[in-house]
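S.K.: So TrEMBL says this about it:
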COMPBIAS  106-117  compositional bias 'Basic residues'
DOMAIN    129-158  domain 'C3H1-type'
DOMAIN    171-196  domain 'C3H1-type'
REGION    61-132  region 'Disordered'
ZN_FING   129-158  zinc finger
ZN_FING   171-196  zinc finger
Amino acid sequence: MSSSLTEPVAKTVIIEPSKEKSGGVVNVGPGVAKIKSEFLIVVNTNSQREKIVKLDELAGSSEPEVKRLKISGTNGECDGGDDNDDTELVEFGGGANSKEEDGATAKKKKDKPRGQNKPKDRPRPPKFLNENKLCPNLLDGKGSCMWASNCKFMHDIDKYLASKTDNIEGECYVYKKYGKCSRGLTCLYQTSHTDSEHVNMVNQPLWSEMQAEFEATHKFLLPKDKQIALRKRTFDFKEVEKIYSGNAPTTTPKSTELNGDTTKTLGAVTDADLVPLRVSEIKKIDWQDKLYLSPLTTVGNLPFRRLCVEMGADITCSEMSLATSILQGSTHEFALHRRHPSEKLWGVQLCASNGAVCAKAAHTLMECGIEYDFVDLNMGCPLDPIYRQGAGSGLMCRGNKFHSLVKGMTKVLAAKDKAFTVKMRTGIKMDKNIAHSYVEFCRDNGVSAVTLHGRTREQRYLRHADWNYIGTCAKIASPMALFGNGDVMSWDDYLQRKTISNASGVMIGRGALIKPWVFQEIKEQRDIDMTSSQRLELIRKYVNYGLDHWGSDSQGVGTTRKFLLEWLSFYHRYIPLGILEDPPQRINQRPEKYFGRDEMETLLASSNCNDWVKISEMFLGPVPDFFEFVPKHKANAWSNG
């Protein structure tokens, strides 16, 4: 196997929009999206008080200094802080008091929470006492509990309904779609599907038609007997162990007679462990020119994938799950692998540092009835806890482990008629690309497709993705499919990068979080100027899909709200097409301070976490008193009260 590039590739430059002075006032630097002057918010520093004015009103001003205003507690907030915070000015030009102001700003920024919240820093939802929960046998408002004398749940329906003060007005999406709400009286929309006697109503014709789909999409993914077998380590892995008995030669016992004595010999030694899979043994999947939604931790959940499939995504994949947690029978890990019927080509992404563990996890998922089309190996996760275990991007430092893992997984999945894919980064160290050698190995050992993110582990998401190198690896990968990933946010980005790299397809991650309709733009080859009402409708769909997936009771609504807020932390970054000077928006661009074409568009553009909570309340009702939201970045934390 060659460890060097087969041939040099001419450097092709990604076209970026030009940056010019606007009205002779503000010099827009790299990474800043140029906004039309009539939508800009600036501060007239010639006034004694801070006054918001439009940029075109200052075009002829001789004032040498123009500053942008961060309005604390209002739309457009960037620090997500308390409403009582002092106003912070970010300076663009020099002035007489610039040093004093710089010192004050530095002190202000020093107190600002920074970095990422670790799981232990995030609040967990409160646990409700069983005696305050309605007995599951009484969810429909009728029936009885055979263990009433020993049951720990509440059995007084009137008392339960009297204590249930968080009902939401409106129609229950689950009842409207399926004809029956399985949450019954615990549903926060229960007034829309219960009668005067507090009995859960059923639309029998609709329920008869939709019952099979409901049960298929809401079944338990981890049967109790399978979970017990996993935890007691009695789960049957003989089939996997037979295939994955590693790289030891396969032998067949043979009985022979020598000098009158019957002895058992090992027989002929085969080379099955050395011979790669034949092309005919690999599952055939048409990857060419497909649009692939990236596996996204936390935000790449089933409701979001449903939304992207409606917008034109061809391939979807589950969130990354740890193979070791699957083998421990973790219900949380299994919950990540629910597939919606609209996902026509769907895979599961596993993270592991050991081939046998990864193969057993893939086998376990299938034995539990989870039907996937392919298994994707995560070889790109840059997080330290994963990297230190030798998983994720840590596999790029452990060539022998990776080789053993690929050889075993391709054989295990080929026996199940499933494909095996790998997602990797260009390397570990900054500006040191090593992915081409791994791509070549994958090509020669039965991997169906490889996705290459055009950045190294150290880069994380800094700089532009290296699509020239992706193009080099695409040539090496042929005839195996190779997807490029990084910086695609519009059909123009897609066209440029597809032309440069000649990749089989493109995977889109952050671009889809910011504008899910990017898939529609690519397929129709046009820029779409989404109005605020259209963007709000996408949020409504996400909420409905969340209630369908997580449930419409208090716990389900809380989970839906949490993941909605996580998504809004990306969704607000979209800059409406109609207010851009140089459309389309690029993935690494941040806007100057601006207001939208209507109030709702301004609200949707706010980076203030308080405004995200307000948006969630439009669909899910007021947040409870105990609600607290702490996303991945500390600066966007929010608490009630």
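The backbone N, Cα and C atoms fix where each Cβ goes, glycine too.
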S.K.: Would you mind splitting the domain 'C3H1-type' (171-196) into helix, strand and coil residue counts from DSSP?
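M.R.: Summed by class, the stretch gives 12 helix, 1 strand, 13 coil.
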S.K.: Can you give the mean pLDDT for the zinc finger (171-196), rounded to a whole number?
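M.R.: Mean pLDDT across the zinc finger (171-196) comes out at 93.
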S.K.: Helix, strand, coil: count each for the residues of the domain 'C3H1-type' (129-158), based on DSSP.
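M.R.: The domain 'C3H1-type' (129-158) comes out at 8 helix, 2 strand, 20 coil.
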